Amino acid sequence: MVASTKRKRDEDFPLSREDSTKQPSTSSLVRNTEEVSFPRGGASALTPLELKQVANEAASDVLFGNESVKASEPASRPLKKKKTTKKSTSKDSEASSANSDEARAGLIEHVNFKTLKNGSSLLGQISAITKQDLCITFTDGISGYVNLTHISEEFTSILEDLDEDMDSDTDAADEKKSKVEDAEYESSDDEDEKLDKSNELPNLRRYFHIGQWLRCSVIKNTSLEPSTKKSKKKRIELTIEPSSVNIYADEDLVKSTSIQCAVKSIEDHGATLDVGLPGFTGFIAKKDFGNFEKLLPGAVFLGNITKKSDRSIVVNTDFSDKKNKITQISSIDAIIPGQIVDLLCESITKNGIAGKVFGLVSGVVNVSHLRTFSEEDLKHKFVIGSSIRCRIIACLENKSGDKVLILSNLPHILKLEDALRSTEGLDAFPIGYTFESCSIKGRDSEYLYLALDDDRLGKVHSSRVGEIENSENLSSRVLGYSPVDDIYQLSTDPKYLKLKYLRTNDIPIGELLPSCEITSVSSSGIELKIFNGQFKASVPPLHISDTRLVYPERKFKIGSKVKGRVISVNSRGNVHVTLKKSLVNIEDNELPLVSTYENAKNIKEKNEKTLATIQVFKPNGCIISFFGGLSGFLPNSEISEVFVKRPEEHLRLGQTVIVKLLDVDADRRRIIATCKVSNEQAAQQKDTIENIVPGRTIITVHVIEKTKDSVIVEIPDVGLRGVIYVGHLSDSRIEQNRAQLKKLRIGTELTGLVIDKDTRTRVFNMSLKSSLIKDAKKETLPLTYDDVKDLNKDVPMHAYIKSISDKGLFVAFNGKFIGLVLPSYAVDSRDIDISKAFYINQSVTVYLLRTDDKNQKFLLSLKAPKVKEEKKKVESNIEDPVDSSIKSWDDLSIGSIVKAKIKSVKKNQLNVILAANLHGRVDIAEVFDTYEEITDKKQPLSNYKKDDVIKVKIIGNHDVKSHKFLPITHKISKASVLELSMKPSELKSKEVHTKSLEEINIGQELTGFVNNSSGNHLWLTISPVLKARISLLDLADNDSNFSENIESVFPLGSALQVKVASIDREHGFVNAIGKSHVDINMSTIKVGDELPGRVLKIAEKYVLLDLGNKVTGISFITDALNDFSLTLKEAFEDKINNVIPTTVLSVDEQNKKIELSLRPATAKTRSIKSHEDLKQGEIVDGIVKNVNDKGIFVYLSRKVEAFVPVSKLSDSYLKEWKKFYKPMQYVLGKVVTCDEDSRISLTLRESEINGDLKVLKTYSDIKAGDVFEGTIKSVTDFGVFVKLDNTVNVTGLAHITEIADKKPEDLSALFGVGDRVKAIVLKTNPEKKQISLSLKASHFSKEAELASTTTTTTTVDQLEKEDEDEVMADAGFNDSDSESDIGDQNTEVADRKPETSSDGLSLSAGFDWTASILDQAQEEEESDQDQEDFTENKKHKHKRRKENVVQDKTIDINTRAPESVADFERLLIGNPNSSVVWMNYMAFQLQLSEIEKARELAERALKTINFREEAEKLNIWIAMLNLENTFGTEETLEEVFSRACQYMDSYTIHTKLLGIYEISEKFDKAAELFKATAKKFGGEKVSIWVSWGDFLISHNEEQEARTILGNALKALPKRNHIEVVRKFAQLEFAKGDPERGRSLFEGLVADAPKRIDLWNVYVDQEVKAKDKKKVEDLFERIITKKITRKQAKFFFNKWLQFEESEGDEKTIEYVKAKATEYVASHESQKADE
């Protein structure tokens, strides 16, 4: 019966399981109203909830249309069987509102992997963007991934086009890649391919941003797949394509509907969009999208419909409007995530609110999205039947197949705020952080909610709660953050709280792992469990061991524990570990490890060494790996000082090498390293290897690497490496040596004998054989044939077997000195095979057999010769005892009191003799009983002198080698050195007593004597067997001058009274403090106290000092430096850990801060405490605090700062002025204002510091009667406003009645804005900032006019004088070079920085940018004509040049400088051919920022100046080049340059532009132009090559300059070779490497020995180099040449002048004698002829 009913139901309801967009079944409430038409009573029989449902269902009837009765009839049937079955369909459940429990069972309150079926749609935020996909996070912290192919159709088409391009360009890409690999390196070949490919893919960060909201649809959930297909990791794959997530009918596209859009194209006023709906296109205006300029075709975003017309939709991205909600839908398919809807509240429980949307789809708002966790509060806040405005965040399918919703009422979700809240949340409390005190806020079906503080909430999943003992005070740990829910994800489970790290990404790079469990071993690496099995890690093959293991499984057993270190953790959380001892056992303080590029930069800046591993070999070097997954490149040239052809020959894969970093470029992901040591260390290594004597030198080394058969060692602090072969580890058998090799640890210190060395490769061989070491110490180990030939045949010699052959055993004493043992002298029987009986490096004892003096060869024997026993020598008796009572050795024993004679008095002991053959010593601690007995505390033994006889007591023996006290254990003999005491108490006592550690107590007072100093400690001798250590800070005498040398304050042997602070029984000494020492603390230190402090750290701004007793103080830079011109590093670098005197400036006991001064009383830079210590015009020292856009702030002291505005920084115009001033830079300035501490200003202008201070006047400074020049600011009907010069933007009004004596009619006809005028002040009103001016001529008296004229003339004269001084200074500079003729070069060899602005064009009133170029041109023209003639004095030529320059400077300058356009035009009428006037006119326009007018003037000048005036035209062209270089573009400069080359001499124009580039510091441009000029004129012009060489050497490119010399010799004809080489040699002497210059000159004088002028120039350069010996040697060589008498006279005079300047009287006489001898010899030769 039941079966038939079900069958019939299926037939009657064929559409019952179809799409739910069909008309819903009629509610039972509706039928009830039809059946009961007239209910009793006047009120409605329905509850408010039922009324709301009726209204919703009526709306749905209208929405779907009431087509026929058939649709309603079958819908009513299931009601009859509602109670007979629990498995009702979704429509049945929707129709049944009475069974609320059953309805709630179909709801989904939380999202998890099990509820996200394919087709589920969600609203989420982008939480991460990678190269391959987007990571989108939803509610409850679940994340999914969007692949590149599921973004949009437009984006997919971009990928398809890219794929086609990649296929077509494969060959080109391969070729390009090979070129790149030749030029530089990448990390590995595999990574190359990945990087190349990923670099070509579109960068998703340009299309999307973190925090962006998107609607997504699930296309794959691996956790729901069958077990056969199930992957190891759960992963949700999503699509955000509009066609997949926008499920709308035409009727649903109404205002406020959220819609996902993809950008199709960018238009002028907006972007066209793809909305994924057939027949519809979208549009968004520019103004409606925040960063429209960043919008790209293919990008996807969530929009809000604002308008719909026909087939187009207009959207925006504003979701903040509270009215943005949908009120109608065409079907339930339109209810999708992202929409704002009204949820009809049906039930309220402790888990949240359940209800319906549009009366069709059930939904729930969880308590975490209501932020109300109590059921009572929920019922108080919300009422059943009310509507709640929510946004849908998930649309899922329940087990019955029904559509259910998860909604949110959180404000940030309603507004869709773009900020990703997890960023801020995890910045505050990162993953792994533990909250100690949390309170329970509430709970629902899956989560426990905790209150972390007033603002933050967290939730704990039921699986991570654990056992809660105290619910009021919980500890929880952060596991993550859910940005959509705005809530922390926590765990209260104790096992999570105890973990050190929660994720592998939290494990720091370089972490030492003491106990790693091996889980598998293979050739591809080792798998480990770390942190007690919490994480897995892998060991790459190259990091298994320092030595290559063929069978790693033999050494590393599964289940065993090993020690490792984390080398990297990749983005997926995979941990890589190294087991190499060289990396595992490295201490943090030994070598810093590279783990990040920032870390690498710090290591490079500090010039420190680090460790790297050889990863891959390349032809031009090898790729090395660091920690953190970083790779670097080690070029062949940097592997070793010797030439390296193939890196495999010098290194091996997986080898750990110590490197220095040459270049770190984080942007290019590039690190260049070197194994080569620095030049200083290379020199040190060279000296060390040369000083090593094989067979004699014993050194201490550290083990840095182990191989199968040897140990690699290194000399500390030198870096020289050597090898100890396993056979040389001891004299024992090879088996024992191999066992010893295994026990050796990296870093172990060894002492051994060098037996061989290679000075070329700087490598040595060592031996640890004790037999060889002992012989070497005794110097009995033979090194040469002479050491062997005279030995007796019974003398044993220790050696080792070098090699074995048929001839016998070749036995070596060191690597080069070898003898032969014949087989018959090696073994007893010929049947024994010596190759099996012996092995290489075996220790042997040999005896001399035969020698061959002729060939210096010798034979040895392993068999000892038979020798007769010698008779035992009888020991002699005691000789000449000092104490006559001593007759024999038996009279001397422990406790004996005897007389002794002082042999010598040392600072800390008395050396005595008891007999002629018996010596002893009295330690200073055994002289005095008490401190008071000592008269001279610094030299206690000064009262004793040589040959004094003293009474002493024998207390023990003294070990001469170890300098230690030894008890007497055998009979005293002449070999003994006795330890004696002369203490009065000891002489009286019958017992022998020496103060030892056992009888010392803490607090006991002792007398100690300084034995030595070590760093910041003194070592004291308390007794011969007891030492004490005392810190300098713990000495009682705080007045000690610690700035002096410690040895002078506490000399050796000086006496101190100390107290025992602690006892170090392990090392056998006591720690002491001064007797009157008081432990300092914050409460005892007062301002003004002078305390000793130990320098701990030098920072950029301060010095940190240790005052003792864990009290530290800080000395600010202005309180630390005696001279501000030094940096803290320069002043205190050599004082780190030294104790220096300090003065307390302030004590902040609350913040535990002490400020100190390190400045002496007579500091070079005076102390400034407030503005009262300053006065205007005073010059002060300062240190730059910081730099901002308005100027720089300067420290004058710790509390006083000053400000320097940009206008006061420099006399020159500095375009990029900020790069000239850095924090903590020293500056010298002059005080401008100092009214208050907060209003101190300085000027750094050199002209104002050295001259008068130009203080701009303000309204309050101006008085009636003052005369000013100014500029017309504006012209009105009632007067003109004038901006006054030399004021702070002061403007005054000249009324129309004060313009002229006769009132003008039209002011605009007389004046224009910018005209220059002179005005007199009539009256001022500073309060209102008003000034009345007059321009009337009658107001200016004759005296005023005269004064003004005088002032103007004086100013002009000063300018001329300054210019003249500059030119004279330059000329004088050249004149100083004239003796060596280097001043005649086209290129000045000395530092030639021109006194012009850095831009190449100065707009100052002086206007010097044309004349200086003109001077330069004249100098170059004249220099080409000069020849190297040593006999001609050329100073007159320079003098004439100076006069010409001055004359050019003053030509055509009137007594009054032109001040307007009219003035210049008037000047041009009289001087149309004067380039100076034209250029001044151009400069005037440039001052007014009229650049285009300046260009027009230049063109006018070229047309106006007569064609014969080439020099004047040249000046205009140069001015145009200057103008375009400063104010134009590259194109305009190139155009002017090309034209100038056509009209003027091309070479001259090239050289002028080169000069302009250098002056304006455009060095790259200059380098390019040098190359082009040399190519064009290099075959005929020597000067261009010299200029190019000068340019390169000036910029520290000496090697490139030497290449240029080679190119010059190829390009120039042979006749010019000597000249160009000579000039390059002069350049090397002046700016480069003088040794290189000498080499060039030596080559010249060798090729042309008769060119005396070359010898003259050579001498001049050596004189400038100030190497007296070389100058004298050169003169000696010259006078031996065949030279004329005139030339000889010249050189002798020159030599004599040199020696007189040196003041060497002895050499002066020698030169005179040499000259006399020369004259005499030539006179005799002449007479003979």
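Glycine is treated like the rest: Cβ placed from N, Cα and C.
The compositional bias 'Basic and acidic residues' annotation in Swiss-Prot covers 8-21 (among others).
Among the features that Swiss-Prot reports, compositional bias 'Polar residues' is placed at 22-31.
If you look up Swiss-Prot, you'll see 78-88 marked as compositional bias 'Basic residues'.
Residues annotated as compositional bias 'Basic and acidic residues' in Swiss-Prot: 173-182 (among others).
Per Swiss-Prot, the feature compositional bias 'Acidic residues' maps to 183-193 (among others).
Among the features that Swiss-Prot reports, compositional bias 'Acidic residues' is placed at 1417-1430 (among others).
Per Swiss-Prot, domain 'S1 motif 3' is recorded for 510-580.
Summarising the annotation, Swiss-Prot assigns domain 'S1 motif 7' to 895-971. Across the domain 'S1 motif 7' (895-971), DSSP assigns 10 helix, 36 strand, 31 coil.
For the domain 'S1 motif 10' (1177-1245), residue counts in helix, strand and coil come to 7 helix, 33 strand, 29 coil, using DSSP. The feature domain 'S1 motif 10' is assigned by Swiss-Prot to 1177-1245, with sequence analysis given as support.
Helix, strand and coil residue tallies for the domain 'S1 motif 11' (1265-1336), in that order: 7 helix, 36 strand, 29 coil [DSSP]. Look at Swiss-Prot and you will find 1265-1336 tagged as domain 'S1 motif 11', backed by sequence analysis.
Marked as phosphothreonine by Swiss-Prot: Thr47.
Per Swiss-Prot, phosphoserine is recorded for Ser187 (among others), and the stated evidence type is a large-scale study or a structure entry.
Marked as phosphoserine by Swiss-Prot: Ser188 (among others).
Non-local contacts of Ser1724 (phosphoserine) by the CB criterion (under 8 A, 6+ apart in sequence, same chain) are absent. As annotated by Swiss-Prot, phosphoserine applies to Ser1724 (among others).
The repeat 'HAT 4' (1666-1701): residue composition by secondary structure is 29 helix, 0 strand, 7 coil, according to DSSP. Annotated repeat 'HAT 4' per Swiss-Prot: 1666-1701, in sequence order.
Within its own chain, the repeat 'HAT 4' (1666-1701) has Cβ neighbours under 8 Å at 1430-1431, 1638, 1649-1650, 1652, 1655-1656, 1658-1659, 1707-1708, 1711-1712, 1714-1715, 1718, 1722, counting only residues six or more beyond its boundaries.
When secondary structure is read from DSSP and collapsed to three states, Ser1724 (phosphoserine) falls in the helix class.
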